[in-house]
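For reference, the structure discussed in these notes is given below.
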Amino acid sequence: MNPVIKTFQFGQSTVTLETGRIARQATGAVLVTVDNDVTVLVTVVGAKQADPGKGFFPLSVHYQEKTYAAGKIPGGFFKREGRPSEKETLTSRLIDRPIRPLFPEGFMNEVQVVCTVVSTSKKTDPDIAAMIGTSAALAISGIPFEGPIGAARVAFHESTGYLLNPTYEQLAASSLDMVVAGTSDAVLMVESEAQELTEDQMLGAVLFAHDEFQAVIQAVKELAAEAGKPTWDWKPAVANTELFNAIRAEFGEAVSQGYTITVKADRYARLGELRDQAVAKFSGEEGQPSASEVKEIFGEIEYRTVRENIVNGKPRIDGRDNKTVRPLNIEVGVLPKTHGSALFTRGETQALVVATLGTARDAQLLDTLEGEKKDPFMLHYNFPPFSVGECGRMGGAGRREIGHGRLARRSVQAMLPAADVFPYTIRVVSEITESNGSSSMASVCGASLALMDAGVPMKAPVAGIAMGLVKEGDKFAVLTDILGDEDHLGDMDFKVAGTAKGVTALQMDIKINGITEEIMEIALGQALEARLNILGQMNQVIGQSRTELSANAPTMIAMKIDTDKIRDVIGKGGATIRAICEETKASIDIEDDGSIKIFGETKEAADAAKQRILGITAEAEIGKIYVGKVERIVDFGAFVNILPGKDGLVHISMLSDARVEKVTDILKEGQEVEVLVLDVDNRGRIKLSIKDVAAAKASGV
């Protein structure tokens, strides 16, 4: 087929969608070009048949940045791209979240989306281009999909308002970085970080993005009309209404009673018993439904039971009303040898969070398409299987853990001190020790507490809360502090983090259409109320950062020297600075402008290194008395070392008021003597005197 090209204006950018020239064996393939700078190839492949026995929709999204796109060659021994970076993993999740709910219920055919960045200008993030390309590739593929979607990034400035699809430079000066995706009539996904913006400003950004990306949706529809393949002839399995009614009649009341058990483990055990009874009664014999079909229908009964109870105003699973936060238990300083620690427990969700301070050398080195950069703040989230009472795989962080860690990082990052105020590298680790809903928001609260416990001068404490939604027809209920079951059975996962002043992070995933502005306003309002409640309880335990760092944390001393002294401190081949580090056990970082940061495991080590540097960089002061060591004796006098690397000459006539025949009559090499600096000439030569020391002392020098 001949290539089909569609070009449209998206804010200040010109976007081109092209299909039919590259990757023609994929089910759908689109080449997206933005401003002739960023080019992303997006392919979609769908299996024609479902894999029998899979009880989930096997959708996978892979976003990959090729180094050649930025004119670079990969590092490492093999000189080729390796495992996905954290940025690639996060972008893959960003694309997955808005498209997953748009595949029809019951569709189990495997679908794989691959987004490859093949060219970039290093000015803007290619993620929005990848999201647009995914929407277009799905729209033309013929795979059942209730799209297309649009996507946009929004920045915000107090003076200029909202800005569509900003550059990296514009984002750096912005108080908001938000990505929004959705259909023509609904927002499906929001991912953002902000600097204490109000709820109204955040909601305004969501609505602004939704209005702006309508241009994307229209262009994709036009491309699909011209180049789209016929929609697959797929029909969902016919629901077994008779079996559903039979199981509900037999077990509906028991399931309803099971969901009044407030302890998660006991509730799961009881519902598991009922599920096994249903399988035993309604399957197993010839002519009866399969066990998997019975389990699926039993799950549907659970789903409807919980949702009906909530929208009809009945108490939630654990007995709370819609606005109540679970009981909190907050501790700080729980680990004796760490730099800062906190144990944050909310109901059956618990996070042990630890903050560690390091030197500038501990910063993470990131090799990105834009170039190498150092990241002095890390927040890592771990979710071991024991946190939900299960056995499971132990190993490296998965996509979910990386995503939750990034959300927690976004939440607290805006409240960290500037590098010139607090030049430590900071690593926060959140160990989820119990989980029943919203462990990422527990990590936010725990991170804020641990950082303050470590003495990091936070601008303000931060707390987070997860909101949920159940909507049936015109009835809906917004839930504060959702449980794991409410997250699974609800229609929205809406996480808000911030300070008492404003929002620092907002993440939203919506599974249905019809989420109105009113519902989002209610959710933001309830989240604010809950956040202030949690902050109040956190402040009772630790209201502000400790004034001193932990005794276990490294001591940091900042100082500045003249730039022409840098080479003296470093020494030939780095010999001088290496010697200082080895002898004092401190680490030293020197910048080109003469700024020096000294990190010592103890205060004594840092002070010793500072004194060594001061000694090297100090200049001899005329009229000042020094205690020096005789380094060399010559016929006409003696050379005395008064500062590291600085020797002065005591002429034989300056040794004593009496006549001196031989220098060795008064001095010997290695002897310590007091000397007075008489003069320093324009070549840096120092003239010293021993005989004038007494008079100088008498005059008060």
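Keep in mind that glycine also has a Cβ here, set from the backbone N, Cα and C atoms.
As given in Swiss-Prot:
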- D487, D493: Mg(2+) binding site (BINDING)
- 554-613: domain 'KH' (DOMAIN)
- 623-691: domain 'S1 motif' (DOMAIN)
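Most buried of the binding-site residues D487, D493, judged by other Cβ atoms within 10 Å, is D493. In the three-state DSSP scheme, D487 (Mg(2+) binding site) is classed as helix. Averaged over the domain 'S1 motif' (623-691), the predicted model has a pLDDT of 87. The residues of the domain 'KH' (554-613), classed with DSSP into helix (H, G, I), strand (E, B) and coil, number 32 helix, 17 strand, 11 coil. D493 (Mg(2+) binding site) carries a strand DSSP state (E or B).
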